[in-house]
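Notes follow the structure.
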Amino acid sequence: GTPCDCYGYTGVYWFMLSRCPSGYGYNLSCHYFMGICCVKR
């Protein structure tokens, strides 16, 4: 995925998803236009 910024963390941008996929250990997310940024901090 594309890197993205979320509260100062670098995350992964998931296109067309409204919530982060499970099983990756994500515990922080930021909503973006047409997708979501998911961060494992």
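Just so you know, glycine gets a Cβ as well, placed from its N, Cα and C.
When you check Swiss-Prot, the disulphide partner of C4 from the set C37, C38 turns out to be C37. Looking up C6 in Swiss-Prot gives a disulphide bond whose other cysteine, out of C30, C38, is C30. In the three-state DSSP assignment, the secondary structure recorded for C20 (disulfide bond) is coil.
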